[in-house]
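Let me begin by presenting the structure, written as structure tokens, before commenting on it.
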Amino acid sequence: MIAPLAVALGDPAGVGAEVTAKAYAEAEARALPCFFAVGSRRALTTAWKGPVVSIETPSDAPRVFDDALPLIEVEHDEEIRFGEPSLEGARCALDSLEFATGLVKSGAAGALVTAPISKSQLHAIGFDHPGQTEFVAERCGVATSNIAMMLAGPELRCVPVTMHVGIARVPELLTADLVAARIRATARGLVRNFGITHPRIAVSGLNPHAGENQLMGDEEVRIIAPALEQLTGEPYDISGPWPADTLFHPRARAKYDAVVCMYHDQALIPVKTLHFDEGVNLTLGLPIVRTSPDHGTAFDIAGTGAARPDAMAAAIALADHCAQQRKLYDRDAE
Ligand SMILES: NC(=O)C1=CN([C@@H]2O[C@H](COP(=O)(O)OP(=O)(O)OC[C@H]3O[C@@H](n4cnc5c(N)ncnc54)[C@H](O)[C@@H]3O)[C@@H](O)[C@H]2O)C=CC1
Ligand SMILES: NCC(=O)COP(=O)(O)O
């Protein structure tokens, strides 16, 4: 039995509360597990007119869940203006994330699901992590080089080696050790969270045509190929570096379980193109399960009722699946 899942509601001016509430309203039809929200009551009750019951601890959630969305309230006193993020709202988003992470780390909640935050708003209140991924890793005591940010949909899973950095910095940040660490985190994550016993991982190049014999860049021979050599003998099927432009069509996708890409957009564009409404961001390499819908705060549609809950529902379902899968894996490993 997995403890109820904690869903941090994200930025109160965004669509986090709406998609969480809509996912709750469809929980039975989507066979979602018991979960509770952590965040602003005002945002939740402004976004949604359904029943919400405040709870004190995650263990209260199961007795409430059939009749109302359970909520652990986080202080947030300002008027809700969807689409107009504020510093107060950013503080609430961060407090919600911090509290929900603590509940999962303690074992009181079974997995962490995070609704979107605005990175620039969080930075404005002094948050010095690139995103929630790195924040949760730090709270779990795991170096960011040992995690992997996987974007996953029904037909494609991708992991970027460099994450939230400007494109000009990508070449200087790529090292053989970092590429090897991300591949390893990806492979282990596929085993532990998805039950894929012998993962097949394709690794992309950085440059056009994977450098074309160094005519268009040498990172493939200088950095990526040595990273693959470091992993020789590990029980995974790793291939590459492959030209990124021919790595995502249907026949190519049949040959791997995940692609490790060199930078954010190389990994996220294919996943969001194929799976925008159901894509999930999953952090691999943590002692806890953490997922998030692949989309952002969607300030442009927040408060209009137009936000689709599919990605949030997929994030909750995948968090539950991974938590179950890990239990089996850990039991077999004993
Ligand atoms: N996990 C997280 O916390 C993430 C946060 N962000 C943050 O979100 C903010 C906005 O980022 P954008 O690049 O504009 O991406 P976005 O995903 O918020 O919006 C892109 C487009 O998709 C639409 N959209 C997004 N979610 C939708 C949903 N559930 N249903 C229907 N349409 C939806 C939006 O209306 C917009 O037209 C940024 O501040 C960024 O930092 C972005 C991605 C992930
Ligand atoms: N583009 C993916 C993304 O922004 C993930 O952000 P976070 O979950 O790390 O905050």
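Every residue gets a Cβ built from N, Cα and C, even glycine.
The Cβ of ASN281 (substrate binding site) lies under 8 Å from the Cβ of THR133, MET149, MET150, LEU151, ALA152, THR291, SER292, PRO293, ASP294, ALA315, each on the same chain and at least six residues away in sequence. DSSP gives ASN281 (substrate binding site) a strand state. Taken from TrEMBL, the feature substrate binding site covers THR133, LYS272, ASN281, ARG290.
Residues annotated as divalent metal cation binding site in TrEMBL: HIS164, HIS209, HIS264. Taking Cβ-Cβ distances under 8 Å and a sequence separation of 6 or more, the neighbours of HIS209 (divalent metal cation binding site) in its chain are LEU215, MET216, PRO243. Under DSSP, HIS209 (divalent metal cation binding site) is assigned to a helix (H, G or I) in the three-state scheme.
Highest local Cβ density among the binding-site residues HIS164, HIS264, LYS272, ARG290 belongs to ARG290, counted as other Cβ atoms within 10 Å over all protein chains shown. With respect to ligand 2, the binding-site residues LYS272, ASN281, ARG290 contribute ASN281 as residues with a C-beta closer than 6 angstroms to one of its atoms, given in sequence order. Here the C-alpha separation of HIS264 (divalent metal cation binding site) and LYS272 (substrate binding site) works out to 12 Å. The maximal spread of the substrate binding site, taken as the longest Cα to Cα distance among THR133, LYS272, ASN281, ARG290, is 19 Å. You'll find the Cα of HIS164 (divalent metal cation binding site) roughly 18 Å from the Cα of ARG290 (substrate binding site). When other Cβ atoms within 10 Å of the Cβ of THR133 (substrate binding site) are tallied across all protein chains shown, the result is 22.
ARG290 (substrate binding site) carries a strand DSSP state (E or B).
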